[in-house]
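Participant: I grabbed these lines from Swiss-Prot:
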BINDING   Asp21, His22, Gly23, Lys24, Ser25, Thr26, Asn137, Lys138, Ile139, Asp140  GTP binding site
DOMAIN    9-190  domain 'tr-type G'
Amino acid sequence: MKALIVPQEYIRNFSIIAHIDHGKSTLADRLIQECGAVSEREMTAQIMDTMDIEKERGITIKAQSVRLNYPYKGQTYTLNLIDTPGHVDFSYEVSRSLSSCEGALLVVDASQGVEAQTIANVYIAMENNLEILPVINKIDLPAADPLRVAEDIESTIGLDCTDVLQVSAKSGEGIKNLLERIIECIPAPSGDENAPTKALIYDSWFDNYLGALALVRLVNGTLRVGQEVQVMSSGKKYEVLALYYPHPVQKILTQTIGCGEIGIISLGLKSVTEMAVGDTITDSKNPTKVPVEGFRPAKPFVFAGIYPIETDKFEELREALHKLKLNDSALSFEPETSVALGFGFRVGFLGLLHMEVVKERLEREFSLNLIATAPTVVYEVYMTDGSKVLVQNPSELPEVQKIESIYEPYVRASIITPSEYVGNIITLLSNRRGVQEKMEYLNQSRVMLTYALPSNEIVMDFYDKLKSCTKGYASFDYEPIEYRQGDLVRLDIRVAGEIVDALSIIVDKSKSYEKGRALVESMKEIVPRQLFEVAIQASVGNKVIARENIKSMGKNVTAKCYGGDITRKRKLLEKQKEGKKRMKAIGKVELPQEAFLAILKIDG
């Protein structure tokens with residue numbers, strides 16, 4: 001299929017902003033169906049969510065794009081829809097999607113109202129000066145209250161909702177009005193088609209047949225097949241081998257991509273790293289002077305060790321991580337070794353959901369069995385000699401006498417909750433060393449709390465605890481703010497006298513005793529009994545702060561003695577005692593995988 005260049009005034013680039021589960025992917029399905037982009041036979045639910053794991057969890061992870069045509073008032077308009085993820089971990093996918101649009105649909109569930117993540121994404125859209133159209137979805141639900149939600153949007157975000165769009169993505173009600181409103185309200189792109197080529201790469205992935213592909217937004221000029229282009233960050237030059245328009249089922253081949261359009265470019269590269277997200281592509285003979293601005297690359301926020309259970313699968317794990325990295329620019333990893341777990345990788349993630357998704361994809365797509373250690377954040381450690389060390393792995397924390405001070409990263413957390421759960425949340429946040437910044441009532445029944453919290457306190461099980469203390473009604477979003485000095489220590493776990501490096505965690509000094517106590521108690525339940533007594537200890541430095549003993553398994557060595565002399569039995573029992581002593585001195589204890597997960601389960 002060939003496509004013609006569309007004049008800029010007939011192009012609309014927009015994305016959909018919504019909290020998880022507010023019906024964003026279903027709305028995208030209805031828009032695609034209404035525009036006739038996909039035949040009835042090809043249409044599947046959540047057609048934009050291509051990964052199995054996205055469909056199973058009902059979440060969008062990778063931002064997808066699609067080009068739609070819609071006739072309106074005698075003209076055919078091209079609508080480029082960019083679907084964005086709604087979960088807090090994937091907000092970098094949102095920021096890069098929004099940097100290539102002129103408008104955004106703000107989709108809010110008619111029965112639930114505005115959530116914390118929605119507000120965070122609206123602010124990103126406002127920073128990019130986008131036209132925001134509020135849309136109230138799921139109006140067919142029995143609990144729908146569109147008027148309350150419209151007031152909610154006005155009071156929380158400040159958007160005018162007098163003529164707000166009400167739709168049902170499930171039944172298709174209101175979809176035609178929505179498409180017409182997109183054409184009328186969202187501005188056309190404002191690029192200069194005669195200026196030098198300037199294209200922003202806002203996504204890239206690896207195709208087994210075509211190599212590395214990049215999704216670009218043409219800011220100025222045009223792109224055509226055979227043109228020699230230059231990647232601005234590296235200065236390297238390539239020939240454009242093929243150009244496509246995005247389509248949910250099959251890419252549409254084209255010879256040129258016009259100004260203001262979105263398209264897929266193939267330069268015949270073997271690796272995505274040469275087409276980094278956020279980079280600018282320009283013409284090599286007549287380059288643009290300034291690259292496209294307004295894009296922030298993703299920084300890893302949480303680190304964890306990932307190790308193969310079968311130690312000979314290390315190279316396969318390396319290969320698998322490299323393949324995932326091709327499609328996930330936020331993933332970072334480097335090799336590391338652990339005394340307890342052997343060879344593995346220290347992997348950087350955007351958050352806990354990202355970590356879960358990556359681990360699940362590694363296990364599912366590459367058939368690997370993995371152990372993940374407890375997630376940690378990056379600490380700044382200032383040494384007595386004046387130097388500064390960044391610590392990602394607790395076992396790398398220098399000795400106490402060499403440390404001047406430790407700084408830990410803080411986040412600003414926004415939590416929106418029904419007002420009856422405020423007390424529970426305040427208790428949870430104060431237990432997690434949170435500092436209240438503000439608390440505001442959005443309406444009679446909903447409250448927004450803003451807290452500064454150490455990142456360390458939210459990477460374990462904060463989200464689960466928040467959901468359980470609010471019966472699942474609270475929503476949560478965070479952004480990194482700064483490093484602050486903390487009174488922190490490393491808590492080590494010793495099994496049979498040896499430190500298990502993969503179980504070390506960095507904790508606030510005031511909490512070290514209760515965390516150590518909880519850890520040794522849960523480890524006692526998990527570690528299998530041995531033929532000798534095993535001590536499980538929690539220690540800070542050289543000081544043991546908690547201890548539990550696992551009793552040895554008893555073997556009846558006197559079973560073969562039938563009556564007779566007591567000294568014979570005594571001799572056998574003494575011999576057994578000696579053997580156990582020797583075993584205790586040299587015996588190794590195999591730790592089951594649950595032992596490494598015990599850290600995640602202890603209460604903060």
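Cβ coordinates come from backbone N, Cα and C, glycine included.
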Participant: Taking every residue in the domain 'tr-type G' (9-190), what is their average pLDDT?
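Facilitator: Here the mean pLDDT over the domain 'tr-type G' (9-190) amounts to 72.
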Participant: Give the residue from the binding-site residues Ser25, Asn137 that has the most other Cβ atoms within 10 Å of its Cβ, counting over every protein chain displayed.
Facilitator: Asn137
Participant: Can you give me the same-chain residues 6 or more apart in sequence from Ile139 (GTP binding site) with a CB-CB distance under 8 Å?
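Facilitator: Ile139 (GTP binding site) has long-range Cβ partners Ala110, Pro146, Gln166, Val167, Ser168, Glu173, Gly174.
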Participant: Quick check: in three-state DSSP terms, what is Ser25 (GTP binding site)?
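Facilitator: Going by the DSSP assignment, Ser25 (GTP binding site) falls within a helical segment, counted as helix.
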Participant: Tell me the coarse DSSP state (helix, strand, coil) of Asn137 (GTP binding site).
Facilitator: strand
